[in-house]
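Report on the following structure.
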Amino acid sequence: MDREFIRNFSIIAHIDHGKSTLADRLLEVTGALSQREMMEQVLDSMDLERERGITIKAHAVRLNYRADDGKLYQLNLIDTPGHVDFSYEVSRSLQACEGALLVVDASQGVEAQTLANTYLALHHNLEIIPVINKIDLPAAEPERIREQIETVVGIDARDAVLCSAKQGVGIHDILEAIVHLVPPPKGSPDAPLRALIFDSWFDSYRGVIILMRIIDGRMKLGQKIKLMANGQVFEVEGLGYQAPKATACSELQAGEVGFLYANIKTVGDAKIGDTITEVENPATEPLPGFEEIKPMVFAGLYPVESHEHGLLRDALEKLRLNDSAFNFEPENSAALGFGFRCGFLGLLHLEIVQERLEREFNIDLITTAPGVRYRITDTSGNLVEVDNPTKFPDPSYIETIEEPIIDASVITREDFLGGILALLEEKRGTQKKFEHIGAGRVMLTYELPLNEIVLDFYDRLKSASKGYASLDYHLSGYRESPMVKLDVLVAGEPVDALSIIVHKDFAFERGKALISRLRKLIPKQMFEVALQAAIGNKIVARETISAMRKNVIAKCYGGDISRKRKLLEKQKEGKKRMKRVGRVEIPQEAFLSVLKVSQSSDDD
């Protein structure tokens with residue numbers, strides 16, 4: 001098809017602002033699916049995506065639309081994940097487009113996520129079409145939202161399209177706006193081939209299937225292609241596009257979006273953001289913006305039943321086939337046995353992987369407290385990266401420790417400011433910006449350590465704001481901080497899986513809170529058990545679990561005190577001997593308690 005009639009666009013929206021429903025309506029109106037095949041959220045094919053109401057993987061669907069001017073246009077809708085964990089995938093999907101629909105809920109207004117993705121879209125010079133959705137709601141205030149889009153996002157919203165995706169109102173106007181406002185793709189079909197990979201997944205019959213947008217040149221069946229990041233060469237075995245069912249074709253050219261498979265074995269080979277070129281006539285430079293995705297959050301995953309270790313490894317291998325951002329390596333813990341140290345993009349990613357393991361592979365898991373990657377310079381000047389408390393070096397060898405810092409923006413209502421500011425303060429945040437964005441809403445920009453966010457920040461932010469605050473963050477760099485490793489000793493033995501890395505100023509309180517929580521969770525033994533929190537050799541907190549004891553003097557009626565004393569001394573001697581050889585079983589809840597330590601102690 002002539003490039004003049006191709007439009008590539010994506011939909012930007014905050015979670016729950018109606019992005020997937022709008023995509024459904026666009027498919028329905030353009031006749032991509034018959035009534036019989038329509039179901040809610042056609043593009044969210046994973047069960048988890050539907051249940052949580054989020055989009056995890058990107059999709060690309062071709063719609064054929066005959067506009068009011070009588071011409072037939074090819075619209076490529078590239079559906080992007082909306083969550084902050086997947087922001088790199090979003091930026092690559094946006095790079096494949098020339099325009100974006102900015103969908104805002106008519107009752108809720110602009111949220112932090114919408115803002116972050118809009119800035120990404122502006123960064124890629126996309127044409128942004130504001131769409132105000134859910135105008136059928138009784139609480140809808142389209143005029144107020146128009147002003148808000150102009151003040152907060154800074155784009156002209158006078159011509160914003162009003163629609164209700166649920167009732168199918170205004171869909172025609174959106175399609176017309178795409179045709180008239182989004183520019184056709186640039187790039188020449190005669191230049192050397194350059195195609196951008198913006199998603200890939202694994203198919204057990206065809207290997208890796210790559211979703212791509214052809215920027216320059218053309219791609220044909222049987223052509224030899226090369227991936228520019230790692231230099232690997234493959235032969236194109238299949239080409240096609242989703243409409244939304246996969247439809248095969250023999251050639252794709254500049255401006256078009258489609259998929260290819262070429263007997264690629266792992267998703268790790270076809271990295272998101274990489275450039276595909278041809279072997280015969282290669283492009284001189286790759287497309288800009290490619291970076292290796294680095295995990296930001298780390299946690300240990302262990303099977304509850306130790307014999308399921310092999311099953312867990314197979315399950316993780318299968319997940320990695322589809323998720324190149326997820327990585328893992330085996331680790332061994334004295335307390336939990338064999339398991340894996342896994343790296344994730346963020347907390348949502350961690351939850352999704354955990355849930356998929358439990359749901360699709362039926363494995364019961366113990367997850368250790370999530371942590372982040374620290375940079376440590378030792379006394380001899382070497383730089384090491386540590387993401388596991390057990391690998392934390394001896395304090396005497398450490399010169400400096402740097403922790404990852406994020407820039408977070410929070411949008412909330414003024415009524416909840418007090419609680420949110422207190423929470424940000426408690427999490428060692430420094431305020432960078434504070435602005436009113438109209439209609440009683442405030443936007444806060446803070447610099448926070450990533451370490452403080454990974455435990456329970458999001459949940460507490462939601463409770464402090466009764467669910468009204470929205471959060472977006474991105475990594476901004478590293479900063480030197482006095483971090484220490486807090487060890488937990490149970491009956492004098494350190495339990496590696498309970499160790500955490502904390503800021504020196506909070507180590508005492510954290511240690512105290514953790515020990516008092518463990519005391520409630522570890523059952524009484526036949527002997528006295530000491531629980532201690534230690535930093536290096538210094539004990540900062542201690543609790544004692546008293547022993548269960550039998551009343552040995554119950555059978556003595558009256559009589560001499562020395563008889564009773566003899567029995568009590570005998571019992572004491574036995575308990576002492578037991579304490580020397582006894583082992584304490586730590587229940588699974590105890591490991592989960594580490595996660596809850598930073599919550600205020602009043603909810604105990």
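Glycine is treated like the rest: Cβ placed from N, Cα and C.
What you are looking at is a predicted structure, and each value in this text was computed from that prediction instead of being measured.
The annotation GTP binding site is assigned in Swiss-Prot to Asp16, His17, Gly18, Lys19, Ser20, Thr21, Asn133, Lys134, Ile135, Asp136 on the grounds of sequence analysis. According to Swiss-Prot, the feature domain 'tr-type G' maps to 4-186.
Feature map: Swiss-Prot annotations on the structure.
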residue: Asp16; record: GTP binding site; Cβ neighbours (10 Å): 14
residue: Gly18; record: GTP binding site; Cβ neighbours (10 Å): 23
residue: Ser20; record: GTP binding site; Cβ neighbours (10 Å): 23
residue: Asn133; record: GTP binding site; Cβ neighbours (10 Å): 30
residue: Ile135; record: GTP binding site; Cβ neighbours (10 Å): 19
Secondary structure of Ser20 (GTP binding site) (DSSP, helix/strand/coil): helix
Mean of the pLDDT scores, which run from 0 to 100, over the domain 'tr-type G' (4-186): 76
Maximum Cα-Cα separation (Å), residues Asp16, His17, Gly18, Lys19, Ser20, Thr21, Asn133, Lys134, Ile135, Asp136 listed as binding GTP: 17
DSSP three-state assignment for Ile135 (GTP binding site): coil
